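Reading through the structure tokens given below for one structure.
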Amino acid sequence: MNKKFATKLHWIVPGIIMIIGILLLFYENFSDVTEHPADDWSRALTIGETELNQLPPVKVTENGDFIFTRFEDGKLATTTLGKDFTVKKEKTYNIPVNKWTQVYQKENTIIYFDFKNIYDEDRNMLVSDVEKFYPLETTTLYVKDHVLYQLSPETKTSEKLMEIDLDKLDIIPQENEEGVNLLTYTSDPTGVDVTLQQHANEKLTTVYQSRINVDPGKAVNDIAFALDGQTLTLLLQEELQSTQGGNPEFFNYFLLTSITNPNAQTLNQLTFEDPAGQNSLKEVSDVVLTFRNGKPTILFHANGQTQTQFNDSTTFNIYSAEISESGTTKTERRSNTPEISTKPQWINEEIIAWVDLDGDDHKIKVSSSDIKTVDSLIKYTQDDWLQALGKTFGMITSSFFGIAFAVIWFIWPILFVVFMYIFRNRIADRDPVWYFYTGIGLYAVAALIWKDRFFLDTIYTKAPSYLTFTGSSYVYMILFAIIAFWLTMHTKKANDWAGTVRISYFVGLHILLLTIFFGPYII
């Protein structure tokens with residue numbers, strides 16, 4: 001072996017091992033950052049950007065293309081996505097928008113509301129002094145002077161539906177193949193009165209009325225509903241305000257009933273287990289309730305577990321949950337991004353869309369059960385690499401806290417060396433064989449006795465399987481000790497190091513290697 005090379009082995013070999021450890025860490029982090037939300041669901045495909053935290057309903061054309069409405073440079077824009085998820089067309093309209101703007105768009109017809117008046121695509125005012133605007137699938141509704149109207153996108157004419165006072169009633173409109181469903185409700189401290197009406201063939205019919213009791217101290221914040229034939233399902237989001245000034249608690253209740261028998265109803269509290277973690281999902285909102293294969297299913301955003309970030313194990317992602325008649329839920333994650341995912345909607349039974357809040361320009365994304373098609377279009381982006389690099393750098397930086405946890409290991413050889421130099425300095429200078437072995441022996445005994453001071457439970461819950469198999473802590477401690485011992489003995493011959501230096505090198509290298517491999521998962 002080249003003599004010059006041999007004298008540098010003491011840092012070349014550890015350097016190579018540490019590089020391997022860092023590359024393995026980066027690989028794990030890159031896999032976490034680009035992880036699928038579920039085994040049967042694709043990653044997120046970005047199809048455009050929007051300035052506002054809004055996503056108007058995505059329209060499906062006759063040939064199966066999808067039209068997304070966006071907000072770009074203060075103007076309205078659309079992106080047409082083909083069935084193969086590729087962008088076919090982008091168009092910008094000379095229509096000013098801001099955070100209050102609501103839009104109805106279908107093919108070449110556009111109707112928008114600027115929080116005061118309603119206009120068409122040519123910026124002609126259709127209705128003035130509007131209180132509320134509701135864009136639906138094929139039509140629009142609005143409230144003016146305490147009256148609810150239907151505005152036809154084709155004829156631009158209005159039809160009176162009912163009188164309504166928005167100060168006293170909340171209204172949730174929804175459209176299906178049978179017509180427009182209108183759920184109105186008013187709440188008081190003891191409950192909520194719910195009325196469901198259907199508008200079809202220019203006639204408004206009341207099909208369901210009921211009073212739902214609410215627990216004392218709770219208030220209904222929002223209601224979502226879905227109607228499938230004669231079956232009605234309601235989801236109530238309630239808030240319990242703390243009397244001690246603390247944070248409020250939020251609850252979700254589910255009701256499944258028949259509109260022909262409104263008294264046969266049971267209210268069940270829902271919990272949504274995090275499919276990627278050990279706890280329940282928090283802060284459920286943006287709820288879209290529908291029926292899938294005859295079963296109530298909700299799409300929503302909530303705070304749950306993710307591995308896409310450093311030092312922050314939760315963020316808001318999109319989830320879906322199938323609800324049984326008894327109120328049990330089966331929850332699936334449908335997005336897995338580091339940004340806050342919000343405004344979810346179904347495009348069809350296999351595709352969802354949402355908005356990721358990302359600085360000034362938010363991202364419109366889709367994901368699908370058609371994993372093969374979507375994933376083939378997804379390229380690893382600069383953001384993916386930077387996210388993985390940032391997470392790796394942060395974990396390496398925090399890993400050195402492991403040295404502090406290992407103080408109880410290396411304090412004993414330090415005390416031994418100090419004792420020898422103060423009280424037995426001649427022996428230390430002579431460097432007998434037992435001097436070196438006593439120093440590293442004290443370290444080895446301390447490491448075995450106080451192994452759990454370094455190998456915390458967090459390591460076994462966070463680290464990959466190649467670091468956490470049965471007996472892994474002993475395997476790696478012994479393996480790194482063999483490497484450190486071999487290099488230490490080599491330096492005695494090649495570098496003529498004294499016993500004190502060799503003790504320091506052995507202890508330091510052993511802790512450093514453990515820190516590089518296990519330290520990132522300590523905190």
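Each residue, glycine too, has its Cβ placed from N, Cα and C.
Just so you know, TrEMBL annotations are computer predictions that nobody has curated.
Record features (TrEMBL):
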TRANSMEM  9-27  transmembrane segment
TRANSMEM  400-422  transmembrane segment
TRANSMEM  434-451  transmembrane segment
TRANSMEM  471-489  transmembrane segment
TRANSMEM  501-522  transmembrane segment
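With pairs at least 6 apart in sequence, the transmembrane segment (400-422) and the transmembrane segment (471-489) have fewer than 3 Cβ pairs within the 8 Å limit; the two do not touch. Taking residue pairs at least 6 apart in sequence, the transmembrane segment (434-451) and the transmembrane segment (400-422) share three or more C-beta contacts under 8 angstroms. Cβ atoms under 8 Å from those of the transmembrane segment (434-451) belong to residues 406, 408-413, 416-417, 420, 427-428, 473, 477, 481, 485, 488, 499-500, 502-503, 506-507, 510 of the same chain, restricted to positions at least 6 beyond its ends.
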